[in-house]
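**Q** Positions annotated as NAD(+) binding site by Swiss-Prot: Tyr125, Gln186, Asn209. The substrate binding site feature in Swiss-Prot is assigned to Ser234, Gln256, His259, His326, Asp359, Glu413, His419. Taken from Swiss-Prot, the feature Zn(2+) binding site covers Gln256, His259, Asp359, His419. The annotation active site, proton acceptor is assigned in Swiss-Prot to Glu325, His326 on the grounds of sequence analysis.
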Amino acid sequence: MAIQIFKVGLKDHSVLDPVLKRAREDLSSTLALVKPIVEDVKNRGDSALREYTQKFDEVIPPKSFVLEISKLNPKIDPKLKTALVKAAKNIRNFHKIQIPENKEIIIHGNKLGILHTPIESVSVYAPGGKALYPSTILMGVIPAKLAGVKNIQIVTPPRKGTLPDGLIAAAKIAGADRIVMAGGAQGIAAVSYGTESIPSSEFVVGPGNKFVTAAKVYLSGQGVIGIDSPAGPSEVLIIADDSADPMWVAADLLSQAEHGEDSVAILCTNSLSLAQKVKEEVEKALIERPKRGEMKRKSIEDHGKIFVFSNLEECFVFSNLFAPEHLEIQTKNFKKDLKKVKHAGSVFLGNYSPVAMGDYISGTNHILPTAGAARIYSSLGVSTFLKRVTWQEVSKKSIQNLYPHVKVLSEFEGLDEEHGNSVRIRR
C-alpha cells in the first residue's frame, strides 16, 4: 500500500478533519527540552555551545564557530556555481518588485506618511540533517539584502567540524557577512543572545526541525528575537483534473515525500480515473527510484492521501481550509482557478510548474508557512525584514480646526488634563 484513495465530500469530517489538523504540533514537550539548552547557552556562551555541538551534531566542535565570508574562497564545481548564480539572479529579480515605496498623503492640511526601515541584524538558519540546502541560504539572504539589512549571518550545523564549499559559495553569492557553524536549539540561542565569539541578531528566519522551531518560538516569546512563521513538516497539495499527467502528479507528490518521513503529500481531484492512475504511478516510482526509498514510502503511507471530490469547487474549498505550504493547480483552466485560492504559501500553476522549480530556480521564495499557517502568514520576502514607520507633520491651522474633536475624545477617555492640554496650548 503506497497511497490511499478516498472518495469524499466536504462533510466527511472523520476522514478530512485529521488531515486538516496535521502537524499543528504541540510544542510543549519539545519546549521543555529546548528551554534549558537555550538558557545554558545564554549563561555560558561558547563553552555550552561546544558541549552541545559535540553531543547533538556528533562532531568535534570547530576551533572558531564564525567564518567571515569575505576571507573565504570556496572551490566548487563550475556547474554548481553557474546554477547558484542563476538562481540568485532570478530570486533577486523577483524580490525587487516587493520593495515598497515610501508614501505620503495630506489630510486636513496635515502631512502623513509611511517610512519603511530595515531590521539591522538578521540570522538565516540553513538546516543540516538529511540534506544540504544552499538554496535556503539564497532564499533567506537575498530578500534581507534587498530590504537593506546591514548585518546578515548564516547559522547552520557544522559537518565534520567544517562546512561544504557549496554552502559557503551560496552565502558569498547571496551577500551574507558571516557563517556561524552551530545548529539546532543551541545555534538559535547563540545567534539570539550572542556569545563571546558570535554576534547577536535581532531577527531569525529559516526552516528547521522541531528543536529549531521550538527555540525560535521560545526566544520570540521572551522578546529576545523576532521570527518568521514557525516551520513544520514540508507539504504539497495538488488540485488536478483529467487534463493532468498522472506520472507528473505522482512525481510531484514524491518530490515532497523526499524531504522527510513526516512530509505531507495530498492530491485532490474530481477524477477517479486520474486518482487510480496516480496511485499506480506512485507505487511504480517507489520501486524504480529507490534512493531515500524508506523515507519516501513512510511519508506517502503515513501522510499521503488522494481525495476524490465530486467537483473541483470542493477541492478548492478543502485546499483553503488546509492552507498548504505548496499548492499546485493542474487543471484545464488553471489561470481562472487561481482566483479561487485564498490561503496558500506559494502556488504553482499548470502542468509545467512543479514545486521544485520554486524550490530552486524560478525566483519565488521557498521559505513558506506550513501546517495551516498560510491562513495568517505569507512567504518570506522583502517585507519580512522591513518595519513600517508612520510619521506626521501637523499644521497650526489644523491644530485650531481639529482641537474641538480632540477635546471631546480626550474628555471621554478621561485624559483631557494632559492629552487635551498638549493640543490646547498650541492653538
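Every residue, even glycine, has its Cβ placed from backbone N, Cα and C.
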**Q** Would you mind reading off the Cα separation of Gln186 (NAD(+) binding site) from Ser234 (substrate binding site), to the nearest angstrom?
**A** 23
**Q** Neighbour count first, Cβ atoms within 10 Å, every protein chain included; then name which of His259, His326, His419 tops the list of binding-site residues.
**A** His326
**Q** Express the distance between the Cα positions of Gln256 (substrate binding site) and Asn209 (NAD(+) binding site) as a whole number of Å.
**A** 16
**Q** Other than Tyr125, Gln186, Asn209, which residues of the chain come within 8 Å of the NAD(+) site, judged by Cβ distance to the Cβ centroid of those residues?
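**A** My list of surrounding residues reads Pro127, Val155, Pro157, Gly183, Gly184, Ala185, Gly187, Ile188, Gly208, Phe211, Val212, Ala215.
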**Q** Below 8 Å Cβ to Cβ and six or more residues apart, same chain only. Which residues does that give for Tyr125 (NAD(+) binding site)?
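**A** Tyr125 (NAD(+) binding site) has long-range Cβ partners Gly140, Ile154, Val155, Thr156, Gly187, Ile188, Val204, Val205, Gly206, Pro207, Gly208, Val212.
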**Q** Indicate the candidate from Glu325, Asp359, Glu413 with the smallest number of other Cβ atoms within 10 Å of its Cβ, considering only these recorded positions.
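**A** Sparsest of the recorded positions Glu325, Asp359, Glu413 by Cβ contacts within 10 Å: Glu413.
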**Q** Drop a 10 Å sphere on every Cβ of the binding-site residues Gln186, Asn209, Ser234, Gln256 and tell me which sphere holds the fewest other Cβ atoms.
**A** Asn209
**Q** To the nearest whole angstrom, state the Cα distance for the pair His326 (substrate binding site) and Asn209 (NAD(+) binding site).
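**A** Distance (Cα to Cα, whole Å): 18 Å.
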**Q** Give the distance between the Cα atoms of His259 (substrate binding site) and Glu325 (active site, proton acceptor), rounded to the nearest whole Å.
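**A** Rounded to the nearest whole number, the Cα-Cα distance is 13 Å.
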**Q** Max Cα distance spanning Ser234, Gln256, His259, His326, Asp359, Glu413, His419 (substrate binders), Å?
**A** 57
**Q** List, in sequence order, those binding-site residues among Asn209, Ser234, Asp359, Glu413, His419 whose Cα sits within 10 Å of the Cα of Glu325 (active site, proton acceptor).
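**A** So the list is Ser234.
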**Q** In whole Å, note down how far the CA of Asn209 (NAD(+) binding site) lies from the CA of Glu413 (substrate binding site).
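**A** Per the Cα atoms, Glu413 (substrate binding site) and Asn209 (NAD(+) binding site) stand 48 Å apart.
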**Q** Specify the secondary structure state of Asn209 (NAD(+) binding site) as given by DSSP, simplified to three classes.
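**A** In three-state terms, Asn209 (NAD(+) binding site) counts as coil.
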**Q** Return only the integer: C-alpha distance in Å from Ser234 (substrate binding site) to Asn209 (NAD(+) binding site).
**A** 11
